[in-house]
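According to TrEMBL:
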DOMAIN    28-163  domain 'Thioredoxin'
DOMAIN    434-537  domain 'ERV/ALR sulfhydryl oxidase'
TRANSMEM  633-651  transmembrane segment
Amino acid sequence: MKSLFIDKYSDAFCWYFILLIIIGVIRQTSSAVVPSQNSVSLYTDNDKVIILTGQNFSLLVYESNTAWLIEFYASWCGHCQSYANTYREVAIDTWGWKTVVRIGAINCYADENSALCEQHKIETYPTLRFIEPRTTMNTSKTITITATDAKGVERELIKKLVDVNRIEKSWPQFIPVSRASFDDLFNRSPPSVKLLLVIIEKRDDFTGSQIMLDFSKYYEQLAIFRTTTDKKLWYKFQINTTDIPALFAILPNRTIEKIKTKQENTNENIGNRNLFNYAIRSYIRQRKCVENFDDRDLEEIILSRNALKNAETKLISYKNSAQINLRVNNIIINQKISMIDFETALSYMFRREIPRIQEIRGEAYDALIHWLVVLIKYFPGREPVMNYLKELLSTVKEQSNGLTGKQFHELADLNTTSSYLPNNNFRYKYCAGSSPTHRGYPCGLWILFHTLTVSQVQTELVQINTIEIPSAIKKFLKHFFGCRHCCENFMKETKDINQLDSNNKYAAIIYLWEIHNRVNKRLHGDITEDLQHPKIQFPPKSLCSNCHLTNKNGDSNFDESTTLKFLLRYYSKENIDLSLVENLTIIDDNKQNRIPRNEHQTLIDKYTMIEITNEPKKNVGFIRSLISIFQSFPWYFFILVLVIIFVRRGYYKGKRKRYTL
């Protein structure tokens, strides 16, 4: 009887744990399908860029023995995506400098990083900051590097490194030596130094500093100094200014030996840094004067450069191929626009974008007021969201002298049961891209801009101020859009904004539509383009075939009259999909009260969203608690339990079979 009892219940437990394993797998799969913004980065471990987060930043950066160059970026920012390859190039070129300076990047779009980016007062993307060694959190002095090309960034980085007080023995001696004798140079070097090099160059040349950094990990055995043509020391080498830059080795007996760089027999495009680098490596290998010398860093750099170049070539080749053109011709655009995209964009705008600005005063304050007024007048939002906007405008107006970004953030987070703006952690519907780095916020903004212009025409029945909305958009972007390069381009596109026809009530609609198509044309085939959602001329034939006219040459143009009718319908209030914002609510397990989705953000982590139905919810809290308990276990725990059950079940079956015999 005992064996029958055990066999019976081992079957029950077996199926029970199989069910729990399925739940665990679903949990793992769902979290992988929709990656959190916290896990999103423009870089990988293969890029030589250290991925920083709010969790590891203090541990790695503060009180570090090395300096840091850090890129603060937003993964949605088009220019950040374009700049990523430039920054990869910087990281590759400076890979050998890691004992002196390290290259990192942090995504300010991720929730977990936003507070840190605010602490460093990041207002535009991308922003490069230099942080000195031994910097503590409370004394952090960050310096902005404004160069945009890789070589320019490296030169600016060297300038910052030169300005750092030499606190480590491994720190290169960047300052040119002047009247020092050869004995003085040896005295300035560690006693373990086996080779001393001197580079003679012009004062504004960076070759010497680059070489010092390239070989910085051998500082105990290799000392490198630089002197310039305006210093007395270079006369001792008996060379002409035409021989500059030049490389010399000073031997222990204080004699000098010129190291040939073979510049005369080499392609000039290779550059002085590479010529000197290869010459020094060749000299060291021949003389065997540096122990444990290897070329692994150089090999990694060469491989990484080739990989980056090949990746760029493949991407350009693919985007120029017939495949992407075929996809553009057959692309299917959603028939509707989504309210969840509007509210997601507005939530990020008010809770993250605007609060970035340290001081919202003067023109910035006026632009904010103008923008809020336009939203209240023309945004076709839900009642609680419109109440939220009205209350936000009212409280901002009370700060007549302006306010800080932090103060605005506090105002933007005020929600009540009848006045709130949901925060769904930047989950878009129709504006979602093929990856979290594509589309999203910029897409949401464009849809919002078009909708405002259409709403103005459909709500204002008397006189329309055609410049009101384009002007509000331009001022808002000028002061509050994080992607500075994108903003500068928009300013250029709208330089003729004051020439809008005030007698044509549809002027703003057509004006913004034409600008958007020009931008799409310019960015089509760009590295930032989402291959699953190519930049097209809108509307495509799949949405409005009558909008397109074909001339004798086969080129397609738009019929403005037909296109206008389409835009009026497509961006109208009636064409907004409300499904994701009307059918979801949050259930409080303890009080069984339905709470607006974002009334208190702390509830989002505690409760699960479910559809509103008329059926009573029984034991919801118990079941959800049970699932959460088992979700805390790793997936392999369930596998282990399942194996134990099957083994024990087989054991008892075998035992029962032996008794029956």
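Any Cβ shown, glycine's included, is placed from N, Cα and C.
Bear in mind that TrEMBL entries carry predicted annotations, made automatically and left uncurated.
Remember, predicted model here, so these are calculated numbers, not experimental data.
Averaged across the domain 'ERV/ALR sulfhydryl oxidase' (434-537), pLDDT for the predicted model comes to 92.
DSSP assignment over the domain 'Thioredoxin' (28-163) gives 61 helix, 26 strand, 49 coil. Break the domain 'ERV/ALR sulfhydryl oxidase' (434-537) down by DSSP state and the numbers are 62 helix, 4 strand, 38 coil.
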